Amino acid sequence: MPDWLSALLITLLKAVLVALALLTAFAYMTLIERRLLGRIQLRPGPNRVGPMGLLQPLADAIKSIFKEDVTVTLADKLVYTLAPILAIGMALTAFGGIPAGPPGSLFGTDPWVYNLDAGILALLALTSMGVYGIFLGGWASGSKYPMLGSLRSSAQMISYELGMGLSVLGLLMLVGSTNFLDIVEWQAGPRGHGWLILFQVFAFALFMVSSFAEVNRTPFDLPEAEQELVAGYLTEYSSIKWALFQMAEYVNIMTASALMSTLFFGGYRGPTFLEPLIPGISSWPLVWLIAKIAFFMFLFIWVRATLPRLRYDQLMRLGWKLTLPLALVNTLVVAAVLAFVPAEGLFGIPRLWLLGAVSLLLLLILFAASDAVRGLWNSPALRNEEKRVPGRPLGGD
């Protein structure tokens, strides 16, 4: 067998395994989310199907498959059908670029589907393409509520994609690479400097807020706001097409969790301070990556259970007036520290720890000025009554 063919078959096999793992995780994440929401809301949650409700995802899958697939009369049939496929396809493709271990650690092969030098840039591009599925689904439904939901999703993606990209720019300047393996090894490899959360906590806060907005989760779930848009872009979808959109949303949550774990918490590398207790524990790549992803997925569920939904005007102001300028400030601060502070640091403080202190100070200033900052995105725009043109009275002349 030619080398190129064997490499292609191995890549396809890894892609299938990643897809199966993600879809299985999606099924049980829905169960875990419903059980956790039940505990938070002082109710049991789903616990009837199978032992302790463990077969509930199977029951949900059977129900979705055998429900009637209703198609709207005015829908563009081809685009209406392709939209959920595009959404789940982009979500699965994006996750394939996250490394689950060092090279050759998966039965002698590399534990990723693809590895690009511009890894973080490619992944951000793929995640932003997922909004095409949402927009096309809303547009092709031939109804006003899905159209409004898809327009909201497009505006939301544009607003927070810029802040997300700028928030990691400082991190990339520190590491000097956009490759995920280089980022992980810079943090926790043999010559690791420490997790980037220690030096870029301000950037992490901005990235986390942008991630919540990118995956359309509470408090940023405006595209499918039930009280305003029935179900948003999902209004005219049912059966397996609706399930595909739900899969895409949860896979995007897993991708965002894996991104935060890889960029700021060492990815597949564990903490080295546990080595004296359990030798080799920091070198369990898959275990540590899954544990970190699970923590952030729990955070998504916790936020959904506790925070209310923002208004649409608040959402846009938060993205353009707060997240984007602060991400730009963080980028300029990192550039200034790297340009003007010597590598050995100042006053006996290493440059990295000095940058970490500045980043923490920026976050504390933001919290201290929270009341003033909230006014940037919470207060509605007021009309100038003096310049207001009087309207024509109702009922004619």
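Using the three backbone atoms N, Cα and C, a Cβ is placed for every residue, glycine included.
Annotated transmembrane segment per Swiss-Prot: 7-27 (among others), in sequence order, evidence recorded as sequence analysis.
Here the transmembrane segment (78-98) has Cβ contacts under 8 Å with residues 14-15, 18-19, 22, 71-72, 112-116, 119, 122-123, 126-127, 129-130, 132-134, 136-137, 139-141, 180, 236-237, 241-242, 244-245, 247-248, 251-252, 254-255, 258-259, 262 of the same chain, all six or more residues outside its ends. The annotation transmembrane segment is assigned in Swiss-Prot to 78-98 (among others).
Within the same chain, residues 75-76, 79-80, 82-91, 93-94, 97-98, 146-151, 153-154, 157, 161, 164-165, 168, 172, 178, 180, 183, 214, 216, 223, 232-234, 237, 245, 248, 252, 255, 259, 263 sit at least 6 positions outside the transmembrane segment (120-140) and bring their C-beta atoms closer than 8 Å to a C-beta of that stretch. Sequence annotations record features per position, and here Swiss-Prot assigns transmembrane segment to 120-140 (among others) based on sequence analysis.
According to Swiss-Prot, the feature transmembrane segment maps to 164-184 (among others).
Outside the transmembrane segment (195-215), and at least 6 residues removed from its termini, the chain residues within Cβ reach (under 8 Å) are 127-128, 156-157, 159-161, 163-164, 167-168, 170-171, 174-175, 183, 186-188, 249, 252-253, 256, 259-260, 263-266, 300, 303, 315, 318-319, 323, 326-327, 330, 334, 352-353, 355-356, 359-360, 362-363, 366. Annotation comment: Swiss-Prot describes 195-215 (among others) as transmembrane segment, evidence class sequence analysis.
Using a Cβ-Cβ cut-off under 8 Å and counting only residues 6 or more beyond its ends in the same chain, the transmembrane segment (247-267) has close neighbours at 22-23, 25-26, 29-30, 84, 87-88, 90-92, 94-95, 98-99, 120, 123, 127, 130, 133, 168, 171, 180, 183-184, 187-188, 192, 195-197, 200, 203-204, 207-208, 211, 214-217, 288-289, 292-297, 300. For 247-267 (among others), the entry in Swiss-Prot reads transmembrane segment, with the evidence type sequence analysis.
Same-chain residues lying 6+ beyond the ends of the transmembrane segment (283-303) with a Cβ under 8 Å from its Cβ atoms: 29, 32-33, 36-37, 40, 100-102, 105, 111, 212, 215, 217-219, 253-254, 256-258, 260-262, 265-270. Residues annotated as transmembrane segment in Swiss-Prot: 283-303 (among others).
Residues 159-160, 162-164, 166-167, 169-171, 173-174, 200, 202-203, 206, 209-210, 351, 354-355, 358-359, 362, 366, 373, 376-377 of the same chain lie 6 or more positions beyond the ends of the transmembrane segment (322-342) yet place their CB under 8 Å from a CB of it. Annotation source Swiss-Prot lists transmembrane segment at 322-342 (among others), citing sequence analysis.
Look at Swiss-Prot and you will find 353-373 (among others) tagged as transmembrane segment. Beyond its flanks by at least six residues, the transmembrane segment (353-373) meets 174, 198-203, 205, 322, 326, 329-330, 333-334, 337, 341, 345-346 of its own chain at Cβ-Cβ distances under 8 Å.
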